[in-house]
Amino acid sequence: KKKARVNCSLPEPSWEERLANAVTPLWRLPYQEQLQVKYESQRKILQTLASRLEELGIDAQKPGGLCCPLKPVVPSPIINGYRNKSTFSVNRGPDGNPKTVGLYVGTGRGRNIVCVKANHVENIPSKHKQVAQCYEEFICRSPLASCILFHEGGHWRELVVRTTSCGHTMAIITFHPQQLGQEALATQKALLKEFFTCGPGAVCALSSLYFQESTMTRCSHEQSPYQLLHGAPHIFEELLGLKFRISPDAFFQVNTAGAEVLYQAVGELCQATGDTVLLDICCGTGTIGLSLAHRVSKVVGVEVVEKAIEDAEWNAAFNGISNCEFHSGKAEAVLPQLLASWEDARPLVAVVNPSRAGLHYRVVRAIRNCRSIRRLLYISCKPEGEAMRNFLELCCPPDPRKKLAGEPFAPVLAIPFDMFPHTVHCELVLLFTR
């Protein structure tokens, strides 16, 4: 007789599990184990940097093959529901509903994208999930289709929710106008406002409701202004005893409690004295510079997002901080001019906190060629990416062909901060000196 074949394969994971595995891959591990996983990944990054520096003829090997000592990962004060900003997509759900509001499982390249509700994702707070659920209810009632692919039409697109520890909630809804006229658009905006102020969405108690007409994947405020439909134009956050104003598109660290720990450490690593000038590059709403302003004689901030600079200036004035100046524009355009004419005799410490794209080469060159900068703190959310290129540019020998005349920096200390529990990501602070 033939033996019956026993099926030992594991049951297919649920869609909720698949989403949790995609968005928060470490969610099943106890927190101490998560920190150990992150420590090992940061160690590998520093080993890679050491070997890349060796290739440039720089003796950078320290104990363990690292380019500099690596401290243990600093834990996040909050482990669950720590995100103060979440971006939800609108697409087909596992049940085929084309108006599902959630996060993606699958890839565009694989053509297997499914939008799954984020109710079980541990790093998203319940308030964000509530707003997402209400937005889904609203668009399901709407006769207008969701915009899944731009060229196929449809209107309802993503939702961004921002919250603060002060209890404020901002919702930003992105809408593709397609061929709708101004009257039809005005109707949709009125319906949205009514739903979130008088209808079922009122339970969200939104402080601000914004609407953005966007014909592209991503639009800045300059390309397509954020339209305030209800509430206050800004929400407010408190951090290290200061109050910060946040605009719809302004950068603010996604983990507020973690940011406090990070900024306190940055202040100590700067070794700033009363006559130090702090250069805060990619300063966002000014959080780092303003939180350290009491330690230094002057803060100079540079930021590309114009609205963030307006926030930074408001934040400085509101908190009674008068030793800060902020410059709006691309760092690669603003910084070379700023540093080329630098004649201030006071010690200059630079803090850079760029996006995943890293710093433009002209920014690195301006820092290298400014002799006053002897100490540099690089805060990177993806040190294995474009930031690695920056690290090598900061440390490589002078190169006249690339107009890189300044003395090279050397990495002297690395401290990872867990700003993103349950994910594989870390914020790495690398201290360079020369």
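Residue positions begin at 1 at the first shown residue.
Positions of Cβ are set from backbone N, Cα and C atoms, glycine also.
Residues or ranges marked as active site, nucleophile in TrEMBL: Cys381. Cβ neighbours of Cys381 (active site, nucleophile) (same chain, under 8 Å, six or more residues apart in sequence): Ser355, Arg356, Met419, His425, Glu427.
The annotation S-adenosyl-L-methionine binding site is assigned in TrEMBL to Gln253, Glu303, Asn353. Within the same chain, residues at least 6 positions away in sequence whose Cβ sits under 8 Å from that of Asn353 (S-adenosyl-L-methionine binding site) are Asp280, Ile281, Cys282, Cys283, Gly284, Ile288, Ile379.
Taken from TrEMBL, the feature domain 'Methyltransferase' covers 275-338. Mapped onto DSSP classes, the domain 'Methyltransferase' (275-338) shows 30 helix, 16 strand, 18 coil.
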### Other same-chain residues whose Cβ falls within 8 Å of the Cβ centroid of Gln253, Glu303, Asn353, the recorded S-adenosyl-L-methionine site, in sequence order
Phe251, Phe252, Cys282, Cys283, Gly284, Thr285, Thr287, Ile288, Ile379
### Query
What's the longest C-alpha separation between any two of Gln253, Glu303, Asn353, the listed S-adenosyl-L-methionine-binding residues, in angstrom?
15
## Note on the structure
Cβ atoms other than its own within 10 Å of the Cβ of Gln253 (S-adenosyl-L-methionine binding site), all chains, total 24
